[in-house]
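> Here's a structure for you.
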Amino acid sequence: MMKYTVIIPAAGMGSRMNTDYNKIFIPLGEVPVIRMTVEKFEADPDCNAIYLAGRKDEIGTLHEILAGCTKVRGIIEGGKERQHSIYNVLGAIEPADYVFVHDGARPFVSEETLTHLKEAVPVHKAVICGVRPKDTLKRIDGSTVEATIDRDQVVAVHTPQAFDYELLMSAYRNALENELSVTDDSMMVEALGVSVHVTPSTYDNIKITTREDLKVAQSIMNKGEG
Ligand SMILES: Nc1ccn([C@@H]2O[C@H](COP(=O)(O)OP(=O)(O)OP(=O)(O)O)[C@@H](O)[C@H]2O)c(=O)n1
Ligand SMILES: O=P(O)(O)OC[C@@H](O)[C@@H](O)[C@@H](O)CO
């Protein structure tokens, strides 16, 4: 199996969570979100190295929380937006064949999701994962429906997203030069005209974003304990 390096951005604010501290420190059970996320990659034998982006004043705390995580090679100061944080890390890592990018705020990524990505990235160079939306989707103009979207043509996109290292570097350089504003990493690859492959994720692979997500997280953990 291929080997990869993972970049985990954790330098956000978590403003939609409405806590007075960064949401990645919220404990789920006993364990902070960010440690749960990092442990998913500690447990994957194909992951060689883990790098994080952290807020300047939180880097010390991150090191403490991640004590004993032997694959963590560096925690680099993040930037204004998620993409800036990841770019800072890209400039600091050892070159690798493949780089995965995974939100610090997605602690429930499954082994199967990682396996799909690892199998696909040597072939496709840029691979994202996602799930089929369960709701009917409409395109709207203000509060008026314009059309019903064909659900077979859409996917709700998660992380990890997996890339050939050189391709991801070019995509980030191009995005920076052209000041592209993006919401995920694959958008930058799309901007180069390179096609992006999609593999399955799981509905449990939520991003901890708002208060409601903490209840969902608890029920995912209860399910895991059977
Ligand atoms: N400047 C930023 C912004 C976000 N992130 C990270 O990117 C991931 C996904 O972003 P999101 O869920 O949007 O996190 P926040 O930006 O923290 O949330 P919010 O938008 O509610 O403030 C998170 O792990 C977050 O810490 C980052 O490293 N650097
Ligand atoms: O737009 P948001 O700040 O909620 O999230 C940005 C990214 O983290 C997000 O788009 C990826 O996780 C893929 O869904």
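Using the three backbone atoms N, Cα and C, a Cβ is placed for every residue, glycine included.
According to TrEMBL:
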- Arg16: site 'Transition state stabilizer' (SITE)
- Lys23: site 'Transition state stabilizer' (SITE)
- Arg151: site 'Positions MEP for the nucleophilic attack' (SITE)
- Lys207: site 'Positions MEP for the nucleophilic attack' (SITE)
> Can you list which of these recorded sites (Arg16, Arg151, Lys207) have a Cβ closer than 6 Å to ligand 1?
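By the Cβ criterion, which requires under 6 Å to ligand 1, the hits are Arg16, Lys207.
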> Would you mind reading off the Cα separation of Lys23 (site 'Transition state stabilizer') from Lys207 (site 'Positions MEP for the nucleophilic attack'), to the nearest angstrom?
11
> Any idea what the Cα distance is from Lys207 (site 'Positions MEP for the nucleophilic attack') over to Arg151 (site 'Positions MEP for the nucleophilic attack'), rounded to a whole Å?
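The separation of the Cα atoms works out to 22 Å.
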> Determine, to the nearest whole angstrom, how far the Cα atom of Arg16 (site 'Transition state stabilizer') is from the Cα atom of Arg151 (site 'Positions MEP for the nucleophilic attack').
28
> Counting Cβ atoms within 10 Å across all protein chains shown, which of the recorded sites Arg16, Lys23, Arg151, Lys207 comes out on top?
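Output for this query is Lys23.
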> Which of the recorded sites Arg16, Lys23, Arg151, Lys207 have a Cβ less than 6 Å from any atom of ligand 2?
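Close enough to ligand 2 are Lys207.
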